[in-house]
Amino acid sequence: MNIHLKTSLNNIRRSPFQALAAVFVLFVTFFVSSILIVFIYSSNQLIKHYETRPQMIVFLKDTASEEDVGSLKTKLESDGRLKKVAHITKEQALEIYKNATKDNPLLSELVNPSVFPSSLEFSLNDLSYAEQVISELKNEEIVDEVRYTASLGGEESLTDVVSKLRQISYYIRLTGGIFIGFLLGTSLVLMIVIISMKMSTRRNEMDILDLIGATPSFVRTPVFLEAIFYTLAGVFSGWFLCFVLVLYLTPSLMEYFQEIPILPQDALGLVILFGLIFAAELFVGLLLSFFGSVLAVARTRKRK
């Protein structure tokens, strides 16, 4: 076994409670970080769903000819801001009404296709295009009215919903970022304190190493390895617990949100998401261990 690795493991065994304290703080830091990252990802997916899913209905005048309707449909299909353009005839509108009122057949018996206007339906690629698209469509001669689907209570309600979701997501990111920064700062300070305490107890050993001509890197390397061990244990345990928790809750979340993909719906997508989270947290953790050990060594050597 490498002498530096052996020395770092011996140092950990000599003071296990200090090692556990460092690992526990890092565990809490990266567990909370993983939860917040998943929460931010899910909130972004929720916002994206409501921004892209809203369907707009363009009710056409009864005087509109098939040629005019076809021309407008072609125009909408070529518009890069829109997707899933469909023409709903009067007969199709009646069928939709019958399906919606199938529990009360008397309602459907009292109507005929002439009661319903034909319409064009489409979805927006981004909700920010809504006002511009509505304004352009209202200038079309064959357009009688433009509406959002009623699932969210109309145009104003939908805009309010997305605006509130964006605001909530912003505050989640801001608060989460501040909280994670606080936890990382706490972890850094604790790591510096613990490593400094350990080096203080080994001062005689370090003095002997200096006397026999040991290089600074020879003295520092076991400290770096010890900090890396704390980081690996803390990052992996925090990330793994979050991963297991999300796996356990995913079926319930999918059932509750149904078609809203707040999390990847396939196992590979979920593994990739958590793989990226782990890689990012490991990178941050290694930076934390590097700076913590460097500052601890510098602090201890300065006090010598």
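Glycine residues also receive a Cβ, built from the backbone N, Cα and C atoms like all the rest.
Positions annotated as transmembrane segment by TrEMBL: 20-41 (among others).
Among the features that TrEMBL reports, domain 'FtsX extracellular' is placed at 55-146.
Positions annotated as transmembrane segment by TrEMBL: 170-195 (among others). With a cut-off of 8 Å between Cβ atoms, the residues of this chain six or more beyond the transmembrane segment (170-195) that come close are 18-19, 21-22, 25-26, 28-29, 32-33, 36, 39-40, 43, 223, 226-227, 230, 234, 284, 288-289, 291-293, 295-297, 299-300.
Taken from TrEMBL, the feature domain 'ABC3 transporter permease C-terminal' covers 178-302.
Remote same-chain partners of the transmembrane segment (227-250), defined as residues 6 or more beyond its termini with a Cβ less than 8 Å from a stretch Cβ, comprise 8-9, 12, 19, 22-35, 38, 187, 191, 195, 263, 270, 274, 277-278, 281-282, 285-286, 288-290, 292-293, 296. Look at TrEMBL and you will find 227-250 (among others) tagged as transmembrane segment.
The transmembrane segment annotation in TrEMBL covers 270-298 (among others). If one looks beyond the transmembrane segment (270-298) by at least 6 residues along the same chain, the residues whose Cβ comes under 8 Å of a Cβ in the stretch are 26, 30, 33-34, 37-38, 41, 184, 187-188, 191-193, 195-196, 199, 219-220, 223-224, 226-228, 230-232, 234-236, 238-239, 242-243, 246-247, 250, 263-264.
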